Ligand SMILES: Cc1cc2nc3c(=O)[nH]c(=O)nc-3n(C[C@H](O)[C@H](O)[C@H](O)COP(=O)(O)OP(=O)(O)OC[C@H]3O[C@@H](n4cnc5c(N)ncnc54)[C@H](O)[C@@H]3O)c2cc1C
Ligand code: HEM
Ligand code: SF4
Ligand code: F3S
Ligand code: FES
């Protein structure tokens with residue numbers, strides 16, 4: 001008795017498509033990451049090695065794309081989960097705000113880490 | 001063969017809360033669930049209330065949740081519900097509940113008002129702008145094949161009420177309405193594609209589908225609803241880029 | 001006319017509805033997606049200590065070398081595998097004819113996942129495994 | 001509660017919905033139905049709807065006309081049949097334009113297939129010579145009725161027709177031969193509503209549930225027949241009840257004639273294709289009455305197959321058709337065989353028995369669906385009937401497959417058009433006092449009764465006796481026995497007690513009222529059957545095995561007479577073009 005049709009015509013198609021495209025990219029990123037990082041437990045986790053990696057321009061690029069797409073994919077995913085629920089507008093706006101703000105904050109943190117070296 | 005039916009009972013007029021009542025009946029493995037419900041109503045307890053009509057899975061009246069899953073009571077035989085031939089008994093009672101997440105009128109009878117509103121929201125009728133020809137509009141067998149499966153839908157609501165997205169957001173149009181939208185969007189005679197795409201391209205529309213496949217499992221007409229919804233999504237994406 | 005909702009909540013319905021492949025896959029995908037999102041935050045934060053110098057970073061890394069964290073890392077890999085492989089399945093459903101063979105696809109992908117999971121376990125714990133079996137070898 | 005509507009249509013099957021589409025803008029129209037519109041019985045129709053489109057091969061509406069007259073065993077009114085067969089082509093094209101998804105042939109035209117009793121002359125120059133089956137049934141796989149019902153409902157949504165779903169109509173308000181409205185119970189709340197109307201149409205479908213084995217839905221309780229009959233309006237040709245040859249054994253669920261149209265054959269215990277003996281030219285595509293009798297004869301003469309429960313069946317063999325045809329053209333019914341009998345039609349033949357299927361008789365109407373109550377054409381003003389509940393009569397003593405879906409759209413539309421004219425010209429006739437008295441009293445009586453009879457028991461006994469004594473083969477003795485039983489059951493019905501005393505969604509109460517309707521309908525059927533001492537079409541009297549045109553080429557009209565025996569009158573058959581001749585296939 002509560003159904004209301006909202007004809008807002010806010011297309012979700014682009015974010016839906018991007019979710020899949022970023023997902024496909026992340027497959028490669030994940031595979032690459034795991035091969036690089038966990039091929040051997042003895043290697044890869046020390047300060048020097050990490051800094052050395054970050055000094056490599058390709059690695060830097062890779063890391064930047066990874067956090068950008070990963071954050072976008074993850075947060076867009078979280079937002080799509082939240083939208084499954086009926087939310088009052090104020091709640092929706094607040095949650096959306098938290099997602100966007102925290103996402104940007106962590107993205108800046110990640111970018112500044114990479115650019116530090 | 002003895003079998004226990006554990007039936008959801010609730011009359012909001014008199015009952016504080018819903019409860020389950022057990023009925024032990026003698027039944028044949030080849031009986032349908034609806035036969036047993038009829039038997040209970042006829043012989044044991046006339047107050048048991050449920051809808052039914054055709055008794056062979058074509059009118060869509062008796063969708064309910066049986067052993068945790070939505071199905072038509074008239075299209076399932078007892079022997080398909082965990083009956084073991086070896087000891088000729090049921091270990092557990094057969095649980096019969098109304099379609100999940102719907103308002104309840106009484107016992108197994110639920111309120112379909114929302115379901116029909118969603119159905120109407122997608123403009124479930126052929127819209128043509130060009131004047132019709134003297135004879136039939138031509139359509140190749142392949143054109144019809146595209147919409148044949150979708151036109152099998154009997155509007156039983158088993159799918160929509162099984163979809164977790166409907167449980168969390170009862171404004172979600174749901175698989176049945178989306179399937180109906182497909183039925184017309186992909187009808188080669190229809191001339192309101194854009195109009196209909198606009199209707200389903202909303203946060204409460206097609207994008208609430210997360211390919212959970214509950215709908216496909218529940219559909220008594222074995223329609224692959226998810227496939228149809230994926231065609232809609234692709235069409236929307238194509239339109240946008 | 002007065003009608004009543006059954007009072008079945010969302011989570012109760014999700015838990016009680018009889019699930020087949022699709023339902024399980026969705027739940028796994030959802031939980032792993034959330035976990036991975038949380039992890040990406042942790043990951044970014046962890047790496048950010050690199051800028052604070054060697055001490056800070058090594059202190060942090062020492063934490064991650066503890067056995068408990070190794071187990072957690074392994075479990076995280078399970079999430080990664082589940083999400084990635086099921087993500088492939090979803091893409092097949094969305095763009096291909098996946099909805100006709102999604103159950104099979106799920107089964108095969110999960111077999112791959114389990115194998116990869118075990119292999120990774122070997123890598124992560126190779127040190128411990130070698131120690132444990134050192135006497136025998 | 002009292003509502004006022006220009007037009008009230010009772011029943012949202014094909015006939016009711018088609019009529020609703022004709023009510024013009026600016027006039028109010030309510031469609032009442034005891035189940036949701038899309039649950040109506042039209043949705044179960046499988047095989048097809050007939051029109052001589054000639055999409056597959058040369059055909060003409062006149063051949064269709066001839067087949068229908070012959071199929072009716074010459075009891076059909078030829079003026080009405082002519083209208084129907086001629087209008088069929090327009091009606092189908094119109095449905096197509098409304099959006100109905102028909103199956104198509106390679107040319108993109110509506111596909112057609114053969115169906116029982118539909119033929120054309122082998123040699124066009126000799127129209128009365130030998131005839132061969134023709135592809136005339138338009139279809140949508142084996143869901144023709146389903147998509148037709150959906151399409152009509154969709155168009156009603158488009159037009160904004162006002163529905164009252166789950167309103168159970170109990171009574172007709174009629175005084176001085178002028179209609180004033182109907183009384184209905186809103187099932188969900190138990191409230192009694194009066195619908196004050198200028199015109200009323202009954203399109204309430206059939207009464208299959210009078211019999212034990214039937215293809216009809218549980219809601220097919222003949223309410224329309226009984227309500228009208230109780231109000232002193234006659235019923236026409238009630239003795240003609242169609243038994244469909246192929247119902248699933250035990251259940252009665254229909255296996256469409258399309259199965260035989262596509263090439264399926266009937267076999268007996270010895271695997272013999274027995275229809276070759278009964279209808280040498282068109283064999284398994286003979287009309288339903290012929291095949292049903294042949295099947296009963298086979299069983300009686302010991303060539304049936306006995307099931308574990310002691311009852312007999314015959315076999316419908318589709319195994320030679322191959323998966324291509326079965327899965328493409330007959331998916332639905334093969335699904336039924338699989339689900340309900342565990343038989344895979346690709347590999348094994350399907351166990352079948354004749355099943356009660358269709359009511360040829362009903363509320364007498366003229367070709368515009370106006371109810372006429374005697375042989376002089378006296379009308380009940382503003383009262384219309386269409387569909388299975390009406391008797392125009394286009395089906396006479398036996399309906400041809402696919403002619404019913406045609407009947408409902410053709411005469412539903414004609415009735416709707418007449419109603420539209422009527423509401424423009426006329427005003428509301430005043431409501432009598434206590435219009436809902438009968439309903440109120442009945443409901444009160446049932447709710448407060450302390451008797452000891454159960455609804456289900458009386459219903460079962462009625463269904464058993466009707467099936468045993470008044471079905472495919474009938475005798476005077478048997479029918480009399482059935483009549484005695486009906487009388488007894490009616491007495492016991494007064495003592496009926498129900499468990500559910502509440503108001504909300506009281507299906508116990510509804511079923512009790514339906515039982516009353518079943519009993520009245522059964523009475524009309526049995527008395528009409530007893531009265532007609534000949535065999536014609538679906539009505540076969542073993543004691544009078546010949547057709548008797550001398551005495552019986554006329555329609556029966558049966559009138560209720562309080563608690564006494566009903567009164568029977570007659571009405572002539574309209575014969576325009578084809579004089580009665582021997583009916584042989
Ligand atoms: C299994 C099966 C297969 C068939 N196949 C074919 C076929 O292939 N071709 C063909 O031509 N014909 C076929 N028929 C016959 C045909 O389907 C029916 O005769 C036809 O659909 C009847 O339509 P209708 O509109 O008269 O009534 P229905 O469709 O039966 O509708 C009756 C309506 O009246 C309403 N109603 C009844 N009583 C009340 C009441 N008391 N109060 C309020 N509302 C009431 C019901 O709710 C319903 O909406 C088939 C029939 C069956 C049973
Ligand atoms: C590795 C390859 C990955 C693939 C192929 C992939 C694919 C997908 C897809 C297709 C969806 C959409 C599901 C839907 O809409 O129903 C999705 C959802 C999601 N993904 Fe990923 N993803 C991947 C990695 C990640 C990573 C690394 C994260 C974390 C940062 C993540 C977090 C999420 C979240 C939170 C969701 C929402 C879950 C839901 O809607 O139920 N994914 N993923
Ligand atoms: S799609 Fe299937 S489950 Fe859903 S309403 Fe239609 S028939 Fe029922
Ligand atoms: S269950 Fe729901 S999420 Fe999509 S696949 Fe079916 S509509
Ligand atoms: S009673 Fe018609 S679908 Fe079950």
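Each Cβ is built from the backbone N, Cα and C atoms, and glycine gets one as well.
What TrEMBL annotates here:
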DOMAIN    D:6-405  domain 'FAD-dependent oxidoreductase 2 FAD-binding'
BINDING   D:11-16, D:33-48, D:223, D:388, D:404-405  FAD binding site
MOD_RES   D:41  tele-8alpha-FAD histidine
BINDING   D:244, D:256, D:357, D:399  substrate binding site
ACT_SITE  D:288  active site, proton acceptor
COILED    D:472-499  coiled coil
Exercise for the section: Measure from the CA atom of residue D:15 (FAD binding site) to the CA atom of residue D:244 (substrate binding site) and give the result in Å, rounded to a whole number. Expected result: 21
Fill in the blank from the handout: residue D:288 (active site, proton acceptor) sits from residue D:399 (substrate binding site) (Cα to Cα, rounded, in Å) at a distance of 8
Completion exercise
D:244, D:256, D:357, D:399 bind substrate per the record; greatest CA separation between any two, in Å, is 14
Completion exercise
Restricted to the domain 'FAD-dependent oxidoreductase 2 FAD-binding' (D:6-405), the mean pLDDT of the model is 92
Completion exercise
With the cut-off at Cβ under 8 Å and a gap of six or more residues from its ends, the chain residues touching the coiled coil (D:472-499) are 243, 292-293, 296, 354, 446-447, 449-455, 458, 461-462, 465-466, 508-509, 512, 515-516, 519, 522-523, 526-527, 529-530, 533, 539-543
Exercise for the section: Using C-alpha positions only, work out which of the recorded positions D:41, D:256, D:357 is nearest to residue D:47 (FAD binding site). Expected result: D:256
Fill in the blank from the handout: Same-chain shell around substrate excluding D:244, D:256, D:357, D:399, C-beta within 8 angstroms of the CB centroid, reads D:215, D:242, D:254, D:257, D:288, D:358, D:401
Exercise for the section: Anything within 10 Å of residue D:11 (FAD binding site)? Look among the recorded positions D:256, D:288, D:357, comparing CA atoms, and list what you find. Expected result: none
Completion exercise
Ranked by how many other Cβ atoms lie within 10 Å of their Cβ, the binding-site residues D:11, D:43, D:47 are led by D:11
Problem - DSSP-derived structure type at residue D:47 (FAD binding site), helix or strand or else coil - result: coil
Handout entry: Spatial neighbours, same chain, of residue D:35 (FAD binding site) - Cβ under 8 Å, 6+ residues apart
Key = D:165, D:166, D:219
Handout entry: Residues among the recorded positions D:11, D:35, D:43, D:288 that border ligand 1 - Cβ under 6 angstroms, in sequence order
Key = D:11, D:35
Completion exercise
Cβ neighbour count (10 Å, all chains) around the residue listed as 'tele-8alpha-FAD histidine' is 27
Problem - Residue among binding-site residues D:256, D:404 with least C-beta crowding, 10 angstrom cut-off - result: D:404
Problem - Lowest local Cβ density (other Cβ within 10 Å) among binding-site residues: D:39, D:357 - result: D:357
Practice task
List those recorded positions among D:11, D:35, D:43, D:244, D:256, D:288 whose Cβ lies under 8 Å from any Cβ of chain B, in sequence order, or write 'none' if there are none.
Solution key: D:35, D:43
Practice task
Counting other Cβ atoms within 10 Å, pick out the least crowded of the recorded positions D:15, D:288, D:399.
Solution key: D:288
Fill in the blank from the handout: residue D:399 (substrate binding site), DSSP three-state class -> coil
